[in-house]
Amino acid sequence: MILPLFPSPKNPSSSFQNTRRHLLRSDSKSSNPNARMRLYDDLLLNGYYTTRLWIGTPPQRFALIVDTGSTVTYVPCATCEQCGRHQDPKFQPESSSTYQSVKCNSDCNCDKSRVQCIYERQYAEMSSSRGVLGEDILSFGNQSELVPQRAVFGCENEETGDLYSQRADGIMGLGRGDLSVVDQLVEKGVISDSFSLCYGGMDIGGGAMVLGGISAPSDMFFTHSDPVRSPYYNIDLKEIHVAGKQLPLDPSIFDEKHGTVLDSGTTYAYLPEAAFVAFKNAIIKELDSLKQIRGPDPNYIDICFSSGSSNVNVSELSKIFPTVELVFGNQKKLLLSPENYLFRHSKVRGSYCLGIFQNEKDLTTLLGGIIVRNTLVTYDREHSKIGFWKTNCSEISERLHRTGGSSSSSGKDNSTVESPTTSAAGGSSRYALPGEIQIGEIRLDMSLSINNSYLKPRINELTDFIAIELEINASQVRLLNFTSEGNSSLVRWAIVPSESSTYISNVTAISIISLLAEHRVKFPVTFGNYKLVQWKVKPNSQQPWRQKHYSTVILSIIIVIIVGLSASAAWVIWRHRQRNINSYKPVHVAVPEQELQPLES
């Protein structure tokens, strides 16, 4: 557990305006387009959610942590000598025909030679990012109605701490400030002053992000967010209820310092000391029948409970753990199911720990991503309010895609692989498929330069990396088998359609195959080098009913005809025999002798 970050001065260009993040881990219709983007990763496995952003011409792809507590979007620069090994290659300004550095001016901090604008961000867990400001084309993916736009971003020359060691490439700043990507797009007039985030639930991950306004669901409720109160996205929290009972707290406790802040870059939730103690005691009281156990990390005093079963599904948690409600100033209530305040114990199966902690001596109430899992959160900055709507966030990306009404959402391609809007979607013609078929499975044989004994305990991790790199759901990647070939391993995978589709489109299949065949998939160095040995596609077996049962129908018809003809023939023969037995005999025809019956007197 890393402590939440400290607030910082308000000068947006010279120091650390919005630095509250955690590195583990419009209700009205608008005529403006929006950028609809998928979210990847998992809040507790990775400590964050990322989205894909393309920068430059031609586009260079990056995986960026979505962070409402930061105002700068930055990626590692090709000139950076103190940057870690991340998911994608560093940004190469010289390879982009549209890149321009931001020259030193009165509105920014300048480098020592007073030639370029620079930025610097520091975080409480002792990580930092420094670099120069540049301007280039940002592309938002093929689900976006919003065409690529020029924007200012940070090109890192130095990173330390968790920023150095994390797998994600950088940060996408969604906070309030001149350098925020939201503020820049709003200032250009290309989107309305609103954005939405939807984080997937426990063990699922993924989700969606929308830059710009959306039509709010009819049952979404809003609470006031005061932009003057602090640079962060605050909400008007007044009460917390556990199992329907209000915690005995003065409402002013949630209004201290920065108030109650929503921060998508923070993993867990942090309460002031008095509020945390009251919450912890209320939870323990409701769970007095459960055994309290040690947490997974001996360095921290986590509050964990054994459920008594090693096979408790997420859907069954509400039968064991109490519901929690956040009550706002307008008396609207946000219901928190157990997945919104628990995390799974990593060492004891069937056990769970509180994901809400004490905020040390800081009086701010900080609500991280765990609180809003499976909740669509709309940051309506234009109307100074934030909306909440409980939903399945792992599926909402597809629903937004289908109901968008844009040319990019026509339904012709159900691809789950995004590409920059400035490039062609077809992929290389070298990976020709057998016509326009509905693909039910892509089978991939991959050779890895590591032995089986090393790979076996890490195969699930490799599966997750493949899903991330191919930009598909982890449930679509299935391990078929893996065998040893000396010091290397041969692994066979199957890529199957997503739960919302019955087939994989040709465009998606070609994209997946070309990514692997052309070594554009980047795995951690721990998995060595890889080679795509061979691939093949299998047609979709879920055919229309008439095609699927055609032979059965024909056979049934033939059987009915045969049975009918046999029955007709038998009836004709029987009738013929009956006529022969009972037919009329002329008087002169001899008849067989019959035994005479005695006459009755």
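Placement of Cβ uses the backbone N, Cα and C atoms for every residue, glycine included.
Pulled from TrEMBL:
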COMPBIAS  1-10  compositional bias 'Pro residues'
REGION    1-31  region 'Disordered'
DOMAIN    49-389  domain 'Peptidase A1'
ACT_SITE  Asp67  active site
ACT_SITE  Asp263  active site
REGION    400-429  region 'Disordered'
COMPBIAS  412-426  compositional bias 'Polar residues'
TRANSMEM  550-574  transmembrane segment
Quick one: pull the CA-CA distance for Asp263 (active site) versus Asp67 (active site), whole Å only. 7
Cβ atoms other than its own within 10 Å of the Cβ of Asp263 (active site), all chains, total 27
So for Asp67 (active site), how many other CB atoms are inside 10 Å of its CB? 27
